[in-house]
(Lines of atoms letter the chains of each structure in order from A and count residues from 1; the text may use other names and numbers.)
(Lines give C-alpha, C1' and ligand atoms only; values in the text may rest on other atoms or scores of the structure.)
Protein backbone atom coordinates (compact mmCIF):
# COMPACT_ATOMS: atom_id res chain seq x y z
CA UNK A 1 0.00 0.00 0.00
CA UNK A 2 1.47 3.39 -1.04
CA UNK A 3 2.25 5.97 1.64
CA UNK A 4 -0.24 8.84 1.91
CA UNK A 5 1.20 12.19 0.78
CA UNK A 6 0.77 15.01 3.29
CA UNK A 7 1.20 18.76 3.01
CA UNK A 8 0.71 20.86 -0.10
CA UNK A 9 2.48 18.54 -2.50
CA UNK A 10 1.46 17.05 -5.86
CA UNK A 11 -0.77 14.07 -5.16
CA UNK A 12 -1.82 15.18 -1.67
CA UNK A 13 -5.44 15.86 -0.71
CA UNK A 14 -4.87 19.61 -0.39
CA UNK A 15 -3.16 19.66 -3.80
CA UNK A 16 -6.11 17.85 -5.40
CA UNK A 17 -8.57 20.30 -3.84
CA UNK A 18 -6.53 23.23 -5.12
CA UNK A 19 -6.30 21.79 -8.64
CA UNK A 20 -10.05 21.14 -8.73
CA UNK A 21 -10.75 24.80 -7.95
CA UNK A 22 -8.03 25.93 -10.38
CA UNK A 23 -9.58 23.93 -13.22
CA UNK A 24 -13.08 25.24 -12.51
CA UNK A 25 -12.36 28.93 -11.85
CA UNK A 26 -9.57 29.10 -14.44
CA UNK A 27 -11.77 27.53 -17.10
CA UNK A 28 -14.48 30.11 -16.38
CA UNK A 29 -11.96 32.96 -16.82
CA UNK A 30 -10.78 31.50 -20.14
CA UNK A 31 -14.38 31.26 -21.45
CA UNK A 32 -15.19 34.83 -20.36
CA UNK A 33 -12.05 36.11 -22.12
CA UNK A 34 -13.03 34.34 -25.34
CA UNK A 35 -16.59 35.72 -25.02
CA UNK A 36 -15.31 39.31 -24.71
CA UNK A 37 -13.15 38.86 -27.80
CA UNK A 38 -15.88 37.25 -29.92
CA UNK A 39 -18.48 39.90 -29.03
CA UNK A 40 -15.94 42.79 -29.29
CA UNK A 41 -16.82 44.10 -25.83
CA UNK A 42 -14.74 46.98 -24.40
CA UNK A 43 -11.49 45.63 -22.98
CA UNK A 44 -11.73 42.45 -25.05
CA UNK A 45 -7.98 42.38 -25.74
CA UNK A 46 -7.16 42.60 -22.04
CA UNK A 47 -9.71 39.89 -21.20
CA UNK A 48 -8.31 37.62 -23.93
CA UNK A 49 -4.78 38.05 -22.57
CA UNK A 50 -6.04 37.30 -19.06
CA UNK A 51 -7.91 34.21 -20.25
CA UNK A 52 -5.00 32.78 -22.24
CA UNK A 53 -2.64 33.54 -19.38
CA UNK A 54 -4.91 31.64 -17.02
CA UNK A 55 -4.97 28.74 -19.48
CA UNK A 56 -1.18 28.67 -19.59
CA UNK A 57 -1.08 28.74 -15.77
CA UNK A 58 -3.47 25.79 -15.60
CA UNK A 59 -1.32 23.77 -18.01
CA UNK A 60 1.77 24.65 -15.97
CA UNK A 61 0.26 23.38 -12.72
CA UNK A 62 -1.15 20.27 -14.41
CA UNK A 63 2.37 19.34 -15.49
CA UNK A 64 3.15 18.56 -11.84
CA UNK A 65 0.19 16.20 -11.45
CA UNK A 66 1.40 12.71 -10.45
CA UNK A 67 0.77 9.90 -12.88
CA UNK A 68 -2.23 7.69 -12.27
CA UNK A 69 -1.16 4.43 -10.69
CA UNK A 70 -2.94 1.41 -12.10
CA UNK A 71 -3.74 -1.04 -9.27
CA UNK A 72 -2.41 -4.55 -9.47
CA UNK A 73 -5.62 -6.41 -10.25
CA UNK A 74 -3.78 -9.73 -10.16
CA UNK A 75 -3.83 -9.50 -6.36
CA UNK A 76 -7.64 -9.58 -6.45
CA UNK A 77 -8.05 -11.77 -9.53
CA UNK A 78 -5.06 -14.12 -9.75
CA UNK A 79 -6.10 -15.29 -13.21
CA UNK A 80 -5.10 -11.83 -14.56
CA UNK A 81 -1.47 -12.40 -13.66
CA UNK A 82 0.85 -13.02 -16.61
CA UNK A 83 2.35 -16.14 -15.00
CA UNK A 84 -1.02 -17.61 -13.95
CA UNK A 85 -1.55 -21.13 -15.31
CA UNK A 86 -4.18 -22.62 -12.97
CA UNK A 87 -7.98 -22.83 -13.03
CA UNK A 88 -10.04 -19.64 -12.62
CA UNK A 89 -11.11 -18.98 -9.06
CA UNK A 90 -14.66 -20.08 -8.28
CA UNK A 91 -15.05 -18.09 -5.09
CA UNK A 92 -15.44 -14.41 -4.31
CA UNK A 93 -12.64 -11.83 -4.20
CA UNK A 94 -10.06 -14.06 -2.59
CA UNK A 95 -7.10 -15.20 -4.61
CA UNK A 96 -7.29 -18.76 -3.28
CA UNK A 97 -8.22 -22.00 -4.95
CA UNK A 98 -11.52 -23.33 -6.25
CA UNK A 99 -13.02 -24.37 -2.91
CA UNK A 100 -15.82 -21.74 -3.05
CA UNK A 101 -19.14 -21.88 -4.80
CA UNK A 102 -19.95 -20.21 -8.13
CA UNK A 103 -22.08 -17.10 -8.44
CA UNK A 104 -24.99 -19.10 -9.86
CA UNK A 105 -24.86 -21.42 -6.86
CA UNK A 106 -24.82 -18.41 -4.54
CA UNK A 107 -27.83 -17.02 -6.43
CA UNK A 108 -29.69 -20.31 -6.00
CA UNK A 109 -28.83 -20.27 -2.31
CA UNK A 110 -30.14 -16.74 -1.87
CA UNK A 111 -33.35 -17.58 -3.74
CA UNK A 112 -33.78 -20.57 -1.47
CA UNK A 113 -33.22 -18.43 1.61
CA UNK A 114 -35.77 -15.92 0.28
CA UNK A 115 -38.25 -18.82 0.00
CA UNK A 116 -38.70 -18.46 -3.75
CA UNK A 117 -39.39 -22.00 -4.80
CA UNK A 118 -41.52 -23.98 -7.25
CA UNK A 119 -44.44 -23.89 -4.82
CA UNK A 120 -44.55 -20.10 -4.82
CA UNK A 121 -44.32 -19.94 -8.62
CA UNK A 122 -47.00 -22.62 -9.00
CA UNK A 123 -49.26 -20.81 -6.53
CA UNK A 124 -48.83 -17.58 -8.46
CA UNK A 125 -49.74 -19.37 -11.71
CA UNK A 126 -52.87 -20.86 -10.16
CA UNK A 127 -53.92 -17.45 -8.90
CA UNK A 128 -53.55 -15.93 -12.38
CA UNK A 129 -55.51 -18.83 -13.93
CA UNK A 130 -58.30 -18.34 -11.41
CA UNK A 131 -58.30 -14.65 -12.25
CA UNK A 132 -58.69 -15.41 -15.98
CA UNK A 133 -61.50 -17.93 -15.32
CA UNK A 134 -63.39 -15.44 -13.17
CA UNK A 135 -63.08 -12.74 -15.84
CA UNK A 136 -64.61 -15.16 -18.39
CA UNK A 137 -67.46 -16.03 -16.05
CA UNK A 138 -68.41 -12.35 -15.74
CA UNK A 139 -69.95 -12.55 -19.22
CA UNK A 140 -72.86 -14.42 -17.65
CA UNK A 141 -75.17 -11.65 -16.39
CA UNK A 142 -77.05 -14.00 -14.08
CA UNK A 143 -73.94 -14.70 -11.99
CA UNK A 144 -72.51 -11.18 -12.06
CA UNK A 145 -72.59 -10.68 -8.28
CA UNK A 146 -70.87 -13.98 -7.45
CA UNK A 147 -68.34 -13.60 -10.25
CA UNK A 148 -67.49 -10.10 -9.06
CA UNK A 149 -66.79 -11.34 -5.54
CA UNK A 150 -64.61 -14.17 -6.86
CA UNK A 151 -62.85 -11.71 -9.17
CA UNK A 152 -62.02 -9.37 -6.28
CA UNK A 153 -60.78 -12.27 -4.13
CA UNK A 154 -58.58 -13.62 -6.93
CA UNK A 155 -57.20 -10.15 -7.66
CA UNK A 156 -56.29 -9.72 -3.99
CA UNK A 157 -54.71 -13.19 -3.87
CA UNK A 158 -52.75 -12.62 -7.11
CA UNK A 159 -51.65 -9.18 -5.87
CA UNK A 160 -50.37 -10.67 -2.62
CA UNK A 161 -48.49 -13.39 -4.52
CA UNK A 162 -46.93 -10.85 -6.87
CA UNK A 163 -46.00 -8.66 -3.91
CA UNK A 164 -44.30 -11.58 -2.16
CA UNK A 165 -42.44 -12.52 -5.33
CA UNK A 166 -41.39 -8.92 -5.99
CA UNK A 167 -40.19 -8.46 -2.41
CA UNK A 168 -38.22 -11.70 -2.54
CA UNK A 169 -36.57 -10.75 -5.83
CA UNK A 170 -35.85 -7.30 -4.39
CA UNK A 171 -34.03 -8.84 -1.44
CA UNK A 172 -32.15 -11.12 -3.80
CA UNK A 173 -31.19 -8.15 -6.00
CA UNK A 174 -29.93 -6.19 -2.97
CA UNK A 175 -27.85 -9.16 -1.93
CA UNK A 176 -26.45 -9.47 -5.45
CA UNK A 177 -25.48 -5.77 -5.46
CA UNK A 178 -22.53 -6.41 -3.16
CA UNK A 179 -21.57 -9.63 -4.90
CA UNK A 180 -18.61 -9.39 -7.25
CA UNK A 181 -19.38 -11.77 -10.12
CA UNK A 182 -15.98 -12.67 -11.48
CA UNK A 183 -16.67 -15.70 -13.66
CA UNK A 184 -18.21 -16.27 -17.04
CA UNK A 185 -21.55 -17.60 -15.70
CA UNK A 186 -22.33 -14.38 -13.84
CA UNK A 187 -21.53 -12.20 -16.86
CA UNK A 188 -23.68 -14.37 -19.13
CA UNK A 189 -26.57 -14.26 -16.63
CA UNK A 190 -26.46 -10.44 -16.45
CA UNK A 191 -26.19 -10.13 -20.23
CA UNK A 192 -29.20 -12.40 -20.78
CA UNK A 193 -31.27 -10.41 -18.28
CA UNK A 194 -30.39 -7.21 -20.12
CA UNK A 195 -31.34 -8.75 -23.49
CA UNK A 196 -34.70 -9.88 -22.11
CA UNK A 197 -35.38 -6.37 -20.77
CA UNK A 198 -34.43 -4.76 -24.10
CA UNK A 199 -36.60 -7.20 -26.06
CA UNK A 200 -39.62 -6.59 -23.82
CA UNK A 201 -39.16 -2.83 -24.15
CA UNK A 202 -38.90 -3.07 -27.95
CA UNK A 203 -41.96 -5.33 -28.13
CA UNK A 204 -43.96 -2.88 -26.03
CA UNK A 205 -42.94 0.02 -28.29
CA UNK A 206 -43.97 -1.93 -31.41
CA UNK A 207 -47.33 -2.79 -29.86
CA UNK A 208 -48.01 0.84 -28.90
CA UNK A 209 -47.05 2.02 -32.40
CA UNK A 210 -49.29 -0.59 -34.06
CA UNK A 211 -52.20 0.35 -31.78
CA UNK A 212 -51.78 4.04 -32.59
CA UNK A 213 -51.64 3.33 -36.34
CA UNK A 214 -54.82 1.23 -36.09
CA UNK A 215 -56.64 4.02 -34.28
CA UNK A 216 -55.50 6.59 -36.86
CA UNK A 217 -56.61 4.29 -39.70
CA UNK A 218 -60.03 3.81 -38.09
CA UNK A 219 -60.50 7.57 -37.75
CA UNK A 220 -59.54 8.11 -41.41
CA UNK A 221 -61.97 5.37 -42.52
CA UNK A 222 -64.82 6.90 -40.51
CA UNK A 223 -64.15 10.32 -41.98
CA UNK A 224 -64.05 8.86 -45.50
CA UNK A 225 -67.35 7.04 -44.92
CA UNK A 226 -69.01 10.26 -43.73
CA UNK A 227 -67.73 12.12 -46.82
CA UNK A 228 -69.09 9.40 -49.13
CA UNK A 229 -72.48 9.54 -47.40
CA UNK A 230 -72.58 13.30 -47.84
CA UNK A 231 -71.63 12.95 -51.53
CA UNK A 232 -74.43 10.42 -52.13
CA UNK A 233 -76.95 12.74 -50.45
CA UNK A 234 -75.83 15.65 -52.62
CA UNK A 235 -76.11 13.52 -55.77
CA UNK A 236 -79.66 12.46 -54.85
CA UNK A 237 -80.64 16.08 -54.31
CA UNK A 238 -79.07 17.01 -57.65
CA UNK A 239 -81.12 14.33 -59.46
CA UNK A 240 -84.35 15.70 -57.99
CA UNK A 241 -83.42 19.28 -58.94
CA UNK A 242 -82.54 18.15 -62.47
CA UNK A 243 -85.90 16.40 -62.85
CA UNK A 244 -87.80 19.52 -61.76
CA UNK A 245 -85.70 21.65 -64.11
CA UNK A 246 -86.53 19.34 -67.01
CA UNK A 247 -90.27 19.49 -66.20
CA UNK A 248 -90.18 23.29 -66.04
CA UNK A 249 -88.37 23.53 -69.37
CA UNK A 250 -90.93 21.19 -70.98
CA UNK A 251 -93.81 23.26 -69.57
CA UNK A 252 -92.19 26.48 -70.78
CA UNK A 253 -91.75 24.98 -74.25
CA UNK A 254 -95.44 24.04 -74.38
CA UNK A 255 -96.45 27.54 -73.29
CA UNK A 256 -94.27 29.11 -75.97
CA UNK A 257 -95.77 26.80 -78.58
CA UNK A 258 -99.31 27.79 -77.51
CA UNK A 259 -98.32 31.46 -77.56
CA UNK A 260 -96.91 31.11 -81.07
CA UNK A 261 -100.16 29.51 -82.19
CA UNK A 262 -102.18 32.41 -80.76
CA UNK A 263 -99.97 35.02 -82.40
CA UNK A 264 -100.09 33.11 -85.68
CA UNK A 265 -103.89 33.08 -85.64
CA UNK A 266 -103.98 36.80 -84.83
CA UNK A 267 -101.67 37.60 -87.75
CA UNK A 268 -103.73 35.44 -90.08
CA UNK A 269 -106.91 37.24 -89.01
CA UNK A 270 -105.34 40.65 -89.50
CA UNK A 271 -104.12 39.76 -92.99
CA UNK A 272 -107.51 38.35 -93.90
CA UNK A 273 -109.37 41.56 -92.87
CA UNK A 274 -106.94 43.94 -94.71
CA UNK A 275 -108.92 45.88 -97.51
CA UNK A 276 -108.06 45.49 -101.18
CA UNK A 277 -106.35 48.54 -102.74
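Heads up, residue numbers simply count up from 1 along the chain you see.
Cβ atoms are placed via backbone N, Cα and C, with glycine included.
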Select from 64-83, 84-103, 104-123, 124-143 the stretch of residues annotated by TrEMBL as region 'Disordered'. 84-103
Using DSSP, what is the helix/strand/coil residue split across the domain 'Gliding motility protein GldL-like N-terminal' (22-83)? 43 helix, 0 strand, 19 coil
